[in-house]
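Trainee: I'd like to ask some things about the structure below.
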Amino acid sequence: MNNCTENNLPSSAKRECESKYPSYNMPLAYFFTIGMAFFITCIILVYSMSKSFGQSFRIDKSHGMLAMKAFCSWDFKVVKKSSVKLMSENIYTQLKELLAEVNQRHNKNTALQKLWRLMVHSLAWTICIAGTTGCVIAIYFCSDYVHKQRAGNVSSGSLLKEARLLALPVLVSLINLLLPGLFNLATWMEEYNSPSVRTYVAISRNLMLKVSVLGVLCYHWLSRVAYNSDSDIYIKTSSQCWESFVGQELYRFLIIDFIFTLLNTLFGELLWRIFSDKVLKHKRRPGFDIAKNVLDLIYGQTLAWLGVLFTPLLPAVQVLKLLLLFYIKMSSVMMNCQAPRRPYRVSQMTTIFITLLCFPSFLGASVCVTYTMWSINPSESCGPFRGHKTMFQAGKHWIEELEKENPHLSLLARAHTYLVENPFFLFVGAAIALIVIYFHSQVVDGQRKIITLLQEQIENVRLSPV
């Protein structure tokens, strides 16, 4: 028990007593809490992804999938009229997808048709890449202008300052809202016969947009805002805390993205449904764009993972945002949207979602957070890591102090040097995770082949004469 706080002790005795008891190390606790949070999240994602791969291989690669959908899909416990209608439409679209994929295998295009499709696909991809490049350049110059105004014009009014700070989040949210419409137009030009290929192409293009936008934003936050050079205009004064500014930026992006999602649900779905029913007098309602919404979820989750280092409460705000969006989107889908003409398999979409959540999203956020801890100088006037050259040195200084007090702990210092300071072990851990996923997928693929062989044996036994 620590009795150093007793009032009857003299000051010299208090200092001697306090030196015997280790104090709470805030930088170290912060560092290892973030590390454990990312480690536990990585384990959960790897397990979920391997499990989802197994379900996808077992179900979607089965040769009897068409028969299963035709004879085993109906749930006789469903009695509500609206639910029965939704289930019948869902089964219809799934059967249509399966039949389209079966027919696609038998269709053979001529050389001229193949050349025409290649030209159309090239034009569509050129449009999408050009649109993404233009948006990324716009974000780059907008972020540069906003940062220069913030660094050079400190005497402007508070309202004008806040408006300038909101310019970049509004621009990014507008791009995330409008550019997927251009991608859908390009997909409409291509006229894919396979619904699965159409879905993968749409996800790839939206993923290209999200990754490019987040890459420019990370460059803006980690190279401009956190820049520390006396010869540059982006000098960081002693009264500024760049970690707090990045955290505030992440809050702005999350809130503005939520507002734009609500506006899209209101004006893009509700008003279109009212206009279609009242003016156009037909029931052609908008479809729910699963590819865009999946990437929007991953975009918001990536911002939350980036905010773990700068604003630890940001993931809680993201959870609240997702809960609200779930009920809002569910109500909008039931009231304003029609069943998609492009069917989606649930297990495939779950596998794609978890895979994208793990590799581009979580891995990218982990690299940015690791780079920030290992390479960028913390603020000198605020934050738990002030006084250190890098955030990572908090643990190194603690190990050195322990080694000075107790030379027998030199083994712990060497273990910290090799396991924590050396990034080789970080890559080894990532490689082990990838190997586990690979072997699990190979085991599942072997099970699928065995199931296929057993199905063929059953078919041969049924056809063989008694």
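For all residues, glycine too, the Cβ spot is worked out from N, Cα and C.
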Trainee: Looking at 166-186, 313-333, which stretch does TrEMBL describe as transmembrane segment?
Mentor: 166-186
Trainee: Counting only residues 6 or more past its boundaries, what in the same chain has a CB within less than 8 Å of a CB in the transmembrane segment (349-374)?
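Mentor: That would be 31, 34, 38, 41-42, 45-46, 48-49, 52-53, 55-56, 199-200, 203, 207, 210-211, 214, 218, 222, 226, 290, 294-295, 297-298, 301-302, 305-306, 308-309, 390-392, 423, 426, 430.
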Trainee: Given the cut-off of 8 Å on Cβ pairs that are 6 or more apart in sequence, determine whether the transmembrane segment (250-272) and the transmembrane segment (166-186) share at least 3 such pairs.
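Mentor: In contact, yes.
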Trainee: Could you give the residue numbers and ranges of same-chain residues that sit at least 6 residues beyond the transmembrane segment (207-222) on either side and whose C-beta is under 8 angstroms from one of its C-beta atoms?
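Mentor: Sequence-remote neighbours of the transmembrane segment (207-222) are 128-129, 132-133, 135-136, 139-140, 143-144, 147, 172, 175-176, 179-180, 183, 246, 249, 253, 295, 298-299, 302, 306, 356, 360, 364, 368, 371-372, 376.
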Trainee: Taking residues 6+ outside the transmembrane segment (28-48), which of them lie with a CB under 8 Å of any CB in it?
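Mentor: Sequence-distant neighbours of the transmembrane segment (28-48): 305, 308-309, 354, 357-358, 362, 366, 369, 373, 384-385, 391-392, 394-395, 398, 433, 436-437.
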